[in-house]
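A.B. asks: Below: one structure in C-alpha cells.
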Amino acid sequence: MRRAVKQLWRHRRGNTLAVVLGALLIAVLYALGALSENHALADAAATAMQVTAVVPAGLTLVMLLLLAFTVTFQFYLERALWQRRRQEFGVARLLGLSANRLGGRLVLEALVRQAVTLVLGLSLGVVVSKLIAMAMVRLMGLHVTTGLLWSPLTMLELSVTLMVVAALQGLLDALAVRGRDLTPWLRPLPVTALPTRRGGRWRGLLGAGLMIAGWVVMLGWRPLLSRLPQQNRQWGGLGLLVVILSAWLIGTYWVIRDGLPLWLTALQRRHQGRWLISTTMTLTTIASRLRAHAHSLWLTTILASVTMTVLGSASMVYGVATAEMNRAVVAPVVVTAQTKRSVLAALPQAPTRELTTKLVVGRLTGGAASHLGLYQVMAASDYLRLRRGQPSLPALQLTGRQAMVITTRIGQVQRHFGERHRPHVIALARGPQVQVAQVTNQFPLGQDVFFDRGLVVTDAAFAQVVGTTDRLWGLYPAATAATRRAVNRLARGDAQLSFVANTAAVRAGRQLPRLATVAGGRTWSRAAAAYRAPVRAAGQTLFGFGLFLALLAGTVVVVATASILLLKLVIAADGSQAELAVLQQLGLPATSARRITWQTVGGVFALPLVIGVADAVVTLVTLHSQVAEPSGGLAAVVITVYIVVFLGFAWMTGRLIDQLSLVGRAGPED
Amino acid sequence: MRMVSVNHLTKIYGHRFNRVAALTDLSFAVDAGEFVGIMGPSGAGKSTLLNILATIDQPTTGTVTVNGTAIGALSDSATAKFRREQLGFIFQDFNLIGDLTVADNITTPLTLVPPVPANLASRLAAVAKLLHLTALLQRYPAELSRGQQQRVAAARALIAEPSLILADEPTGSLDSLAASELLGYLTQINLQEDRTILMVTHDAYTASYCNRIIFIKDGTFFAEVTRNGSRARFHQQIIDMAATLSGGIAHAPRR
Ligand SMILES: Nc1ncnc2c1ncn2[C@@H]1O[C@H](COP(=O)(O)OP(=O)(O)OP(=O)(O)O)[C@@H](O)[C@H]1O
Ligand SMILES: [Mg+2]
C-alpha cells in the first residue's frame, strides 16, 4: 500500500491529471444520479410536462451514457500512463521482480488511484449538484429550489462500479507486463514506425475518398432519397445512412493513420535540404503524433463530430420547436361562449380580444379532390385586427370572391392546393362560392378552438354568409403567480368540448350547424376552452430538459476528449522537448523552439476540430434543409463555444509543454 | 592566437547538503589550431567542462573566453548564435533527433535559422561520403547501430565547418578502423583548415592523435603532456601519465 502510494506520487504529473479529470466526470455523474432521485424536481417537472418519469428516465439514460464514456476515458488514460512506464517495468522484471508481484502492484495502484478519484469526485459532486440542478431548473422554466443533493445510493452505485472498473484495468495492466521477451520493454518507446509506403498511400487516398464521398452524399441527401421508390424509402434511407457512416468512420481512420502522416513526410522529403529545421521538425512531429496516436485522435475526431452535430441539432431543434410552439400558442387562454363565464370568473381582470366567426358547411372542389368540411368563416377586417397582435399570421391579399383557407394539415394543403391543379373553389352551403387564393397553417388566437378549418373572406363576402355565429375570446391575464395557479387549476379541470352534429340536413345546407355540449351521432368537435400557458410551460420544460441534457453531455465529452489529447501530447512531449533541447544546444533560437511546440500542438488539435466542424456543418446543413422554418443561430453559437473550449485545451497543452521544457530537464524524476 | 581560455573555473552541482564539486578552480588555455585531448578518470569533470565550453552548462564561478568572447556574459540569442556559428559539438550520448532522418539530422546546424544555404545538398553529400553515411541518409537514428549513430553525430558537428570542435568521446562506440578514420579526418581538418579541436577520451591510442593532452583529476588540472616526436612515443607518454594519474595502476591501452 505504501509502495503503491509512493509510485503514484512518483508519477504524479500524469496521475494528477487522471485524478482531476476522473473526479470531474464522477462529480457530473453523481449530480445526474442524485438529480434523477430528487422527488421534488421530478414532481415539479411531471406537473409541468403532464408526463411522469421523463426527467428521471432522461437523467438516468444520460448518466449511463456518461458512465460508459467515463470508463472508456479512464481506460485510455490508464493506457497512456502505463505506456510511459514501460521501461521501468522492463528493468524491474530484468532485475528479478516476478510478473505476478509487479502485476499485483499495478492492480493495487489502480485501486488506490480510483479510490482517491472517487473521494474527490463525490465530494465535488455534492457541491456541483446544486449548480447543475440550478441550470436544469432554469432551462426547464421550473419553479423549484434545490439545495446540495445528497444521495448515498448514487454514491454507492458509482463507487462499486468504478472500483470494479479500476480493478479490471489494473488486471489488464498486470496481464500486459507478463510477456516473456523483455527486449521490447527495455528499449525506449520505438520511434514511430512509418507506414509502409505503398499500402499506406492507397489507404490514405481511399480514406480521403470515402470521407469526401460521405459528405457529398450527405449534402445530396434529399434528392438521393427521392430517387428511391416510395415503399423502399425508409429502409433505403436507413441503409444509406449506415453505409455513409461506416465509410466515413473507416475513411477518417485511414486518413489520420496513413494518409496525413505519409503526405506530411512526403512533403517534407520533397523539400529536404530547403526547409528550415523548425518547419521540418513541426511537420515530422505532427506526422509522428498522428501515427502514434492515430487511435485516440480518431476517437477524438468522431466524438468531436458527434458532439458538435448533436449539440448543433439539439439547439436547432430547440429553436424550431420553441418557435413552432409560440406560433401555435397565441393567447394564454382562449374561450368560447360555452366556457366564457366560468373562466372569466376565475380570471376577472384579464384583457380580452374577440373574434366573431360564422360556422358553415362548405364543399371544396378542384383537381380530383372533393371534400366536405365545417368552416369557421371570418371577415378580413377581423383577421387583420388580430394580426396586429399576432404578427406571424400571413398578410392578406384578397379581392372580390377570393378567400384564404386555414388548416393545420400542411401536407393536405400542399397536395390539394398544389399549383398543378386548377384553382380550387369552396362552395359554402349558405353563402357565396369563393376561390382559394391563399393557404396557411396559422389560426388566429391559436388552433385548438377551431373545429376543422378556418376561412378568411372579404368583409363584403362575410356579410353574405349565413351561418351560426361562434365567438372566440383570447384572454391575456397578467403573468402573476396567482394567474398561473388559476390557469393551472382550470386546465386540470374536466376538459369541456363543443360539438356540431354532422347530419345530412347540415351537410346539405338545409339546417344551420348547431353548437352542442354533448356528442350525438357523427359530430365535429373541438375544445371549448384552450389553456395555452400550461402547454407552453410543458413544452418549455420538455425542450429545456432536452437542451440541458445535450449541453451537459456535450460539455463533459468535449472536456474529456480534449483532456485525453492533452495528456497524450504532454506525455509524448517528454521526448520531443528533449529533442528541442538538443536543437537549442546546436543553436536553435529559443523562440523557434517554442514556435515548434505551439505549431505541433496546434496542428494535432486542429485535426479533430477541422474534421469535426466539417462533419457537423454538413449534417446541420442537411438537417436545416429538412425543417420548415430553420433557425441556425443557436446552433452556430453552440458550435462556436465548442471550438473555443477545444482551443482553450490546445492552449493549455501548449503551456504545459512549454513549462515542461524548463522544469522537466532539472528533475531526476524522469 | 588564443582560442579558448578557461580561468579559475568551478562548477558545483546540487545545493546545501548534497554538493558535488565537478570542477574546482580549473585553468588552462588552448591556442587556435591546436588539437587538445582531455583525459581523466570517470567522474573527473570532463563532460562538465565541455558542456560549459559549449554554453550548455553554466559555471558556478570563473570565466571562459572563446575566440575573444566571454561566453558566460552572452544573452540568450547571442548564445544561440555562438553555438550555431562557432561551435561543433559531438555529444557523448549523440543526442540525435529520433523523428528526423539521418540526412535531416546532419543538416540541422545549417537549417536552424534562415537562410538555408544553397549548397546544402552538396555539403551533405560530401560529409556523408567522408563518414560512410551515404547509404544511410534516409534512415532514422533508431535504425542505426551505435557506431553509425556516432558517425552521424560527428557529421552533424562538422557540416557547418565550425572554428571550434568539442568532442566528448567521439570514438567510444566505433571499431578501430572507423575510429582511425574519424581521427584521421579530425587531424586533417585540424592541420589543413586550422580548426581547433578539444576532445575528451579515455583511450590513450585515441589521445595520441592530439598534439597536447590535459589531464584532469577531481575537477582540477593535474598535468599536461605535449607531443614532440613520433606518435608512438606520445602514446607511451600518455599511458605513463594515465598510470600516474590513477595512482600507479596503468590503464591497458585499448586497441
Ligand atoms: N547534473 C548533475 N547533478 C549532480 N552531479 C552531477 C551532474 N552532472 C555531473 N555530476 C557530477 O559531476 C562530476 C563530473 O561529472 P562528468 O560528467 O563531468 O564526469 P566525466 O569526467 O565526464 O566522466 P565520464 O568519463 O564517466 O564521462 C561527477 O561526480 C558527477 O557525478
Ligand atoms: Mg563524460
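Note: Cβ is positioned from N, Cα and C throughout, glycine not excepted.
Remember, TrEMBL labels are computer predictions, not curated facts.
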A.B. asks: Can you check which of A:235-255, A:445-465 TrEMBL lists as transmembrane segment?
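C.D. replies: Result: A:235-255 is the stretch TrEMBL calls transmembrane segment.
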A.B. asks: Count, for each of A:149-172, A:204-223, A:542-567, the Cβ pairs lying under 8 Å from the transmembrane segment (A:298-321), and report the range with the highest count.
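C.D. replies: Per the Cβ count, the answer is A:542-567.
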A.B. asks: Is the number of Cβ-Cβ pairs under 8 Å between the transmembrane segment (A:596-621) and the transmembrane segment (A:54-77) three or more, considering only pairs separated by 6 or more positions?
C.D. replies: no
A.B. asks: Could you tell me the mean pLDDT the prediction assigns to the domain 'ABC3 transporter permease C-terminal' (A:62-175)?
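C.D. replies: That region's mean pLDDT is 87.
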A.B. asks: Should anything in the same chain at least six residues away from the transmembrane segment (A:204-223) have a Cβ under 8 Å from its Cβ atoms, list it; otherwise answer none.
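C.D. replies: Cβ under 8 Å, 6 or more out: 240, 244-245, 247-248, 250-255, 258-260, 262-263, 611, 614-615, 618-619, 621-622, 625-626.
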A.B. asks: I'd like the per-state residue tally for the domain 'ABC3 transporter permease C-terminal' (A:62-175) from DSSP, helix first, then strand, then coil.
C.D. replies: 98 helix, 0 strand, 16 coil
A.B. asks: If we call contact 3 or more Cβ pairs under 8 Å (sequence gap 6 or more), are the transmembrane segment (A:542-567) and the transmembrane segment (A:149-172) touching?
C.D. replies: no
A.B. asks: Under an 8 Å Cβ to Cβ limit, what residues of the same chain, 6 or more beyond the ends of the transmembrane segment (A:115-137), are close to it?
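C.D. replies: Distant Cβ neighbours of the transmembrane segment (A:115-137) are 18-20, 22-32, 34-35, 38, 41, 143-144, 146-150, 155, 158-159, 162-163, 545, 548, 552.
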